Amino acid sequence: MYAGGSAGTNSTYRANLRAFEKFRIVPRMLVNATVRNLETTIFGVKHSSPVFIAPIGVQGIFTAEAELAPARAGKNLGVPFIMSTASSRSIEDVAEANGDGYRWYQLYWPASNDVVLSILSRAKASGFSALVVTLDTMLLGWRPHDLPSSYIPFGHGVGVQVGVSDPVFMARLGREPVNQRTKFPYDSAEMDRLYVAGDKDARDGVFLGTEWLKECNSGLFRSWEDLKFLRDNWDGPLVLKGIQSVQDAEKCLDHGVDGIIVSNHGGRQVDGAIPSLYALQRIMRSPKVKAAQASGKLTVLFDSGIRTGPDIIKALALGAQAVLLGRPWLYGGVVAGQDGIEQVLRHTMADLDATLGLSGFTSLNELQGKAEDFLVEIDL
Ligand SMILES: Cc1cc2nc3c(=O)[nH]c(=O)nc-3n(C[C@H](O)[C@H](O)[C@H](O)COP(=O)(O)O)c2cc1C
Ligand SMILES: O=C(O)C(=O)c1ccccc1
């Protein structure tokens, strides 16, 4: 329910998927595609495919391994993993699970700068290469399906491990950082049961979760000028997630931003928002953005609605350089843990590989940004 649901009437969610139906591939024949190459270079690092694992927090709702499962899957398959601030495991534990894998850290921007600095330094020390700042979730969207149960993970003490393991945040509450894993179940139903039974640790977990929610949900006052603080305090690539308008994409160029993720959060925030694929098309029509991408000044990534290999081809043709896979890996994990996540990733890449060849291409470079040559938009 929590994962599948989107904001409002699910209109944006449906439109995200429908947009992929509307753009169609026009395959070419008799091209020698016996050798195909999915390699993709982002921020100077070569990856075996253009697929990234999207940051999805609160994994503790779903599985015991929580965020360790996608972190391990990413390492095993060489797929970059993006860790959420709403994780049910600490930055350090997730980094350990990802080992010598490649990882980025996704920041929900805390209201206090001392907490921001603490998290950035932990992420740096734990080997996260880039910082992704999610801008579309300064508060959670209106999600009617979660109302009957008044469901919000942080309020149930789930997904707050980055906060409760943070020395600066906890010091403000007069507390030592704790490794919640040893004290509380990650499962929210079990947490509810213990809470109602009056369990002291469960009650404390809910208290801490509520404090962390306040810290992370108070970021609405942030402005473009505040990016300077992040820019000054993070020396790796800085990526903004949740960009949907041409104006915002262009603004990034004046604020030291290295990359954008065109995304509407899988339709979970603004019901009635533009489908993410159309947002990408409009953004890539901006001559400023196109020139910045061509010169390597701005990297463009995409998510919201990627389900298959052909979807990836369409997003790349419309100008994205890589994509984030969201709900599909989450569902694979719910069904079969780390193995399930690996299956979904493997299948997605195999589908991409086959479709690439069948469409008449041998590498992704040949189609990236070339929508006018082999995509058509049809009425449905
Ligand atoms: C259950 C759930 C939790 C999510 N948590 C986060 C998060 O913590 N941080 C974030 O930036 N995005 C989060 N997202 C959004 C994803 O990163 C991604 O943008 C979205 O899932 C893309 O849509 P799709 O899965 O429908 O393709 C979450 C999405 C879901 C479904
Ligand atoms: O549910 C979400 O989409 C999400 O991004 C989130 C944000 C904060 C806490 C838990 C989930």
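Just so you know, glycine gets a Cβ as well, placed from its N, Cα and C.
Feature annotations, reproduced from TrEMBL:
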DOMAIN    1-377  domain 'FMN hydroxy acid dehydrogenase'
BINDING   Tyr2, Arg143, Ser263, His265, Arg268  glyoxylate binding site
BINDING   55-57, Ser84, Gln106, Tyr108, Thr134, Lys241, 303-307, 326-327  FMN binding site
ACT_SITE  His265  active site, proton acceptor
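For the glyoxylate site, whose annotated binding residues are Tyr2, Arg143, Ser263, His265, Arg268, the maximal Cα to Cα separation is 19 Å. With Asp303 (FMN binding site) as the anchor, the candidate binding-site residues are Tyr2, Arg143, Ser263, His265, Arg268, and the one with the nearest CA is Ser263.
Checking each of the binding-site residues (Pro55, Gly57, Gln106, Gly305, Arg307) against Ser263 (glyoxylate binding site), the C-alpha distance stays within 10 Å for Gly305. Filtering Tyr2, Gly57, Thr134, Arg268, Gly305 by Cβ distance to ligand 2 (under 6 A) retains the following binding-site residues: Gly57, Arg268. Under a cutoff of 8 A between CB atoms, and with a sequence separation of 6+ in the same chain, the neighbours of Gly305 (FMN binding site) are Asn16, Leu17, Ala19, Phe20, Gly266, Pro275, Ser276, Leu277, Asp311.
Across the domain 'FMN hydroxy acid dehydrogenase' (1-377), mean pLDDT in this model comes to 95. With a cut-off of 8 Å between CB atoms and residues at least 6 apart in sequence, the same chain places Glu67, Ser84, Thr85, Ala86, Ser87, Ser88, Pro153, Gly159 near Gly57 (FMN binding site), listed in sequence order. For Thr134 (FMN binding site), the same-chain residues 6+ apart in sequence whose C-beta sits under 8 angstroms from its C-beta are Pro55, Gln106, Leu107, Tyr108, Trp109, Lys241, Gly242, His265. Arg268 (glyoxylate binding site) sits 12 Å from Arg327 (FMN binding site), taking the CA atoms of both as reference points. A sphere of 10 angstroms centred on the C-beta of Arg327 (FMN binding site) encloses 18 other C-beta atoms.
Cβ contacts within 10 Å of Arg307 (FMN binding site), excluding its own Cβ and spanning all protein chains shown: 16. Thr134 (FMN binding site) carries a strand DSSP state (E or B). Secondary structure from DSSP puts His265 (glyoxylate binding site) in a helix.
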